[in-house]
Structure formats: C-alpha cells, structure tokens
Amino acid sequence: GRSVAYTQDSDPGLLGSYPASASAWLHVTTLLLPTLYSTVLLVGLPANALAFWVLATKTKKCASTLFLLNLAGADLIFTFLLPFKISYHLLGNDWLLGDYACRALVTLFYGNMYGSILFLTCISLDRYISLVHPFLWRGSRHVWQAAGVCVGVWLAVGLGLSPLLRYRHSQHVPELNITTCHDILEPDTERELAYYFPVLVVLGFAVPFVLITVSYGWVLRRLLRKGRHYGHVVRLLALVLLVFTLCFMPSNVLLFFHYLQPQPEWHNLTYSWYVLALAVSAFNNCLDPFIYFYVSRDFRARLRARPCCRMGHNKSSSGRASEKQVLPQRSSEGAHGDMGPGY
C-alpha cells in the first residue's frame, strides 16, 4: 500500500520511497500541512460565516443566491473538519478517533471538494442561461428550479461518495505506534479504489471544468457581439478559473494518475505530491467569498452596508457609478433577482 507516515526510523519496505529525505517529508506532513490547513481555517471560517449569514438573511432569494448559499454552506462544513485534519498531522499522522470517524472525515473532505466544484458549475451555467437564453430561467419558478438543482447536487455528492464509507481507511502501524487515516490502505481496498477515483475525477472535475469553460466562453462571445462592457464577467471568469487551476486541478490530476500507476515507487511518489496538493486545494475556501462578491450584486450592496464599510461609502460612490455602467440592468430580455445580467 501507500503511506505518508514517515520518520527517520521508518521501514522503507513498509512505507515506500519518497522524493525527499525522511526528515524532510516528516516536516511536510507534521509542520507544513498543519500550517496550510490552519491558515485556511483562520481565513475561511470567518469569511464564509459572514458570507453565509449575508446570503441567508440579507439578500433576495433567487437562483444565484441559492447556489452561492449552498457553496458557502459546503465551505463552512469543510472548515469544521479542519481541526481534525490539523490535529492528525500535528500528532505525527496519528488518528485517535477510530475507523468510522476516519471514514466520515474522508467522505466529507472529498464531498466538500466536489460539492464546491458542482456549485461553481451551477453558478456558471446560471450566468450562461440568464444571458444567452433568458426566457428559460426567469420568474418565480426559477427559484424552485434552482432549489431542486441544489438538492440534486447534494444527492449526487452523497451517492457518489457513499462508496468511500464501505472501506476501512484507518490502519495501525506497529513499527511507528501510530494509526493512519487514509494514508495507508489495504491492498484489496486500493485495488477497488483504483477504478473508483479515476471515474470520480472525470465526472466530478473534468466534466464541470469543460462546462464552466464553454459556458463562460459563450457569455463572453455574446457580450462582445452586443458591444457591452465585459470587465466584470472577465474578472469573474478569471476568478473561477483561478480556483479551478490553482486549487482543484493539481489535486485531481495527481489523484487520477496516482491510481493509474501500478509501480510502487511512482504510486507513492504521486500520493506524496497529492497530499500536498490536497492541502493547497483547501484554499478554495478562502477564494470563494470573492466569487460571492462578484456574482451577487445584492451581496455587494449588503456587505457595503455593514458599519465597517460605511466609512468609505462616499469615497467609493464614483466607483459604484462606473460599476453600474459595467453591470447594466437587463431590459425585456428577462432579468431575474439580484443577478440581473451581472455583467
């Protein structure tokens, strides 16, 4: 099997080969990873809690708000998991809470990643439909349609990741006197997951990435044909693609190739880098609040209305005036909710 539980006294036959020395890898897993996850916790928890509160209580309920609210909820759930990941790595990759808790942590961890990807995809498709096919997504009915889509996303994530609950993810290592969580897998489990994870990456990452790229490409094409300002949509597209390329792409590409590598040395090498990329992917929780700001005009207005933002109200009025030119109100093409065209 594989492992990232590595110390200077580790048995190479048990733990495999790594690109760096044992002591260097020990520092990565017990110092760098907790630092990265702690940073995400300190930044992501208050930012997403504020975003969730504003979206839930202060904004109009429309399709975009529902997608953003569910994205913020997924991010909040993820931040609640981080203390368990942080303590696990700080203890030297030692899991103390039993196998069922480990299974739940692994499932919820992946659930946040792919749930976030799917809700980002919903936001992108909502942008596309609202501008290119406005009459397909308008009126009060679209709110219920969006709610149904959100329920469908959660069901898809739950059903898609439920197989992970079947397998034992904790493994006791007597030589190190630790119990790992998902870092060492039994051979039978790893063989079965070799079919599961590549399919999960294709359906949970590759397909949404194509949909997002194509939908925003059509949006840009439509705006250019109409001669409208498109600075806002370019910023939103750049931000969403940044989240995908910096946060989600490295971990998913490495996960895909990890299970396609039968050679033990490459198998362990790809997993070593994957563990680090997975920690980097957690930073999507810090970037998502900026997506809320760019997507929802109502969210921007409510956030600026908070006492901490009122001091700069007058100074930024000219900037908001120019923003309204970039974000024109839709005419009879079919506006919905606070999104308007959003561009």
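Cβ atoms here come from the backbone N, Cα and C positions, even for glycine.
Only one of Cys62, Cys102, Cys286 is recorded by TrEMBL as the disulfide partner of Cys181: Cys102.
Mean model confidence of the domain 'G-protein coupled receptors family 1 profile' (47-292) amounts to 87 (pLDDT, 0 to 100 scale). Comparing local CB density within 10 A for the disulfide-bonded residues Cys102, Cys181, the maximum falls on Cys181. In the three-state DSSP classification, Cys102 (disulfide bond) falls within a helix.
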